[in-house]
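See structure below.
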Amino acid sequence: MGVISRKIENFQRFLLGAFYNYGYFLACHPFWFLVVPWIVCGALSVGILTVNPEIDSEVLYAPMHSRAIDDRDTVERYFPEQSGHNFHLFSQNRLVPVGFAIFRSRKRHVIFYEDVLEEIRAFRDDVASITVTDQGRNYTYTDLCAKSHGNCFVDGEFLLTRQFKTALDLGYVKFPIWTPRNEPINMRRLVGQVIVSNGTLESANSIQLSFPMRRDTPEMERLSLKWELEYIRFMETVNLSKAELAYAASQSLDIELDRGTTGDVSLFALTFAFMIIYAMIASSGGDCVSTRSLLANAGVLATGLGIVAAFGFISASGVSFVNISGIMPFLTLGIGVDDMFLLMSGWSETLSMPDLNVPERIGTVFKKAGIGITITSVTDFLAFMVGSSSVFLSVKNFCIYTAVTVLLCYFSNASIFGACLTLHGRRVFSRRHTLTCLPVSKSREHLQAEGGACYAMVCGGQIPTRPSQDQSICEKGPQTALTKMLMFTPVRVLVLLLFAVYLGVAIWGCTRLKQGLDLSNLMLTSSYFYKYQTWLQQDFGEWVPVSFVTIGAREYSSPEALQKMQDLLTTVHQHASMDPEMESCWLTSLAKTDFYNTSSDSAFISGLQDFLATETRFYNDVVFDSANETVIASRCHVSSTKLIDSNDESDMMTGVREIADASAAHVFAYAEAFVLIEQYVTILWSTFKTVGSTLAVMLVVTIVFLPQPVIVGLVMFQVIMILVGVFGFMAHWDLTLSSVTMVLLIMSVGFSVDFCAHVCTAYMVSDETTRHARALDSIVHASGPILNGGFSSMLGVLVLSVTESYIFKAFFKVMLLVITFGAAHAILLVPVLLSFIGPNTHMRLEKSDGSDQRLIHTSGTLSSSGEASVSYGSVADRVIVIPASKKKFSPVMPQTQNGVYSKNTADSLDECDYQFQNNSSQARHYM
């Protein structure tokens, strides 16, 4: 164990030394670190011009390479699209372009009164007059409509006929299944809010019509989609006096989903303003010399620059922009500002070290905060990179965008903000005013003694010598309050009890968490599509037609083939999710006719072809070989019952698939709706897999940056506790497990590590000797940045609480949970646990052999040649060599005159073109 401890200690010292060296080098060349990143980020941001948005809801939210997509490819390979001449609702391979309309009578249950029907007929005629122009040619509805028996097919149109009105008045219309011409009609799809007596429809309050369009060729599909957009524009102008209207089209989900997210991205400007204001307030301590308000602005701007650069870089790389990526700026801005507060806190701590010059102070800042901000960025970056392996394109692309943004924001903070911090340090230790940069000669106390209180507040200042002299109440308050009460034993016991209760409530919530995402929830509540979906669920519900498809030649002429199909359909009808009265099967229907001839295969085929010539509704369901001698593919159809939510849909899909897979009929179950329903059965496993992989990566990162077994175990334990809390309270807040919340859970893993790592890092680098004292020290160093970073992040997403967008509202809720739980664990539970079980070792800055090899300048000598050398860094065999031509040499803080650097002394701070000399080889090389 001694060898392992020494190796861990050496590695820790190496990390600290590396961060110190970087900070020192940056402080010697701040203008390079300020200008070059701006140029690079500016060049990358040009890529925004190439952004390629993806709004297809199927592409975004259906799992890639799913069984449903593979089954659809098979179906489309064998069954050609027939919407141009023989359209049938059951035989759709995928949803055709279509316009929907729901009518509700303004007076209760009078939808079938003649005056109401006449108004709806006029509406139908107006829809039929919609035309589109393409390449100078006009296309009418008749040119583009889906056709059946040579006429445009309008689903539900028979409800408008006088024959139906007569049948209704005479009591001939049955409900819920009506069979006027040997083909059952599910009236629940078309008529809503009904009054039924003894299975006979008497009246209703709503009806639904749909206008399917052609997609039998790519050109027809393109024109139909164009007509559909005209349909939406037309519907915006419709005003009926006898009925209310709700409408939608096949593209409505994509259009409104995109509008529901991109429309609220403009809130980012408000968030950016809030961040700047809060950062200025939180860093407004001190006087006109020491205040860091303008420095905080630089931190927010550096983060914003990283966001823009990442957006441009990813867009130029060809990754499509998905609507859920609209939450990325809100997320990464919070991460960047959190890093900024850590760096500024590290700067404040150096004020109590009077013997350091500015480069040494910046080196010390990165030594203290470098591990914290690196863990923050690396964990978030890796968490999102793991998330980019998701089977959902929306999650995949969002994670790519966010991962790169986190990385570029990290580099922006480490370079641009580091350079600004250096310039801030030079100004402070030159005792210059924060706004005018003019020398400040008198302190506030001195000016107040002279009688000018207001003038003293604005123009009085001095070089700070302790952290409290430049910290605001936002930074000092948490330290003072927590250190005074948290480490009392009764308080520590109370904290443990409260978190035990929290964990119990969270676990209970996990048992109530639902899966699935109703895509209509993604719509703005003011959207026309939201209104349509609401009416659809209230009056009609979802009814999914399901096909049982057989591929390959089969002996259909044998009685066994018929029996297998009948057994399959009987089993399907017994399933709770399937309607026992809805069935459309060519084989069972054929068996009931005189065309059914099983004497030979050729006789069977001949009878089948004659049957299809008379029953054209089955024509789309049987495919012959090129010689018309063998059936090479066929399908039979059934229908689901009314499906209330995504759980019903997933249960139905898995149920019929299990029945089909177990059937002797050699079929598979397919419905065009399965492509989207697939997400409901995939999301749980996908979430566990992605979050589990992310946790494994976080474990590795924690081991690398905090290589202490107790600390690693504590961090991972806290991360799991926070995740359980987020999962559980999602259920309490009516959020479901879906592809939208999945990306937020991936985010939660990274954030959870960030919060805990800050406290554990402060504990490990503390110079105190007892667990209790080091736990207190970790509160002093980490509580302010954690609370300020968390509060600023919460402030950044607060504007999303008023949005209509489900995605942004879900993001706000989960962010609120993550920040609240993460901060509470970090500043309450983690210090308490560390005070009980924290490791006794700490990251020693000296070498273990006892030599005084510290991470600051500790000794200086002057050679006979006039060269000055000083021990530096954690590298044992290197010293800094300053040539004799450099007449100023000061291994400690340069002398001041009346608290202000002289010009020559200030100039000496800029002379950082030092060299390293290797003691073993006497070889010189530049940094």
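Yeah, the Cβs are placed from backbone N, Cα and C, and that goes for glycine too.
Remember, predicted model here, so these are calculated numbers, not experimental data.
Sequence annotations record features per position, and here TrEMBL assigns transmembrane segment to 21-40, 265-282, 294-314, 326-348, 369-394, 400-423, 491-509, 683-706, 713-733, 739-765, 786-808, 814-837. Among the features that TrEMBL reports, domain 'SSD' is placed at 264-423.
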Spatial neighbours of the transmembrane segment (713-733) not adjacent in sequence (6+ beyond its ends, CB under 8 Å) are 499, 502-503, 505-510, 512-514, 691, 695, 698-699, 702, 706, 741, 745, 748-749, 752-753, 755-757, 760, 813-814, 817-818, 821-822, 825-826, 829-830, 833-834, 837
Six or more residues beyond either end and a Cβ under 8 Å away: which residues meet both conditions relative to the transmembrane segment (21-40)? 305, 309, 358-367, 370, 411-412, 414-416, 418-420, 422-423, 425, 873, 910, 912-914, 927
Cβ pairs under 8 Å with the transmembrane segment (683-706): which stretch of 369-394, 400-423, 739-765, 814-837 has the most? 369-394
Do any residues of this chain, six or more beyond the ends of the transmembrane segment (369-394), have a C-beta under 8 angstroms from a C-beta of it, and if so which? 15-16, 18-19, 22-23, 54, 59-66, 322-324, 335, 338-339, 342-343, 345-346, 400, 402-403, 406-407, 409-410, 413-414, 679, 682, 686, 690, 693-694, 697-698, 701-702, 705-706, 739-740, 742-743, 746-747, 749-751, 753-754, 757-758, 761-762, 782, 785
Going along the chain, which residues at least six beyond the ends of the transmembrane segment (294-314) come within the CB cut-off of under 8 Å? 37-38, 40-42, 44-48, 51, 272, 275-276, 279-280, 282-283, 328-329, 332-333, 335-337, 339-340, 343-344, 400-401, 404-405, 407-413, 416-417, 420-421, 424, 434-435
Short question: most Cβ pairs under 8 Å with the transmembrane segment (814-837), which of 491-509, 739-765, 786-808? 739-765
For the domain 'SSD' (264-423), what's the model's average pLDDT? 86
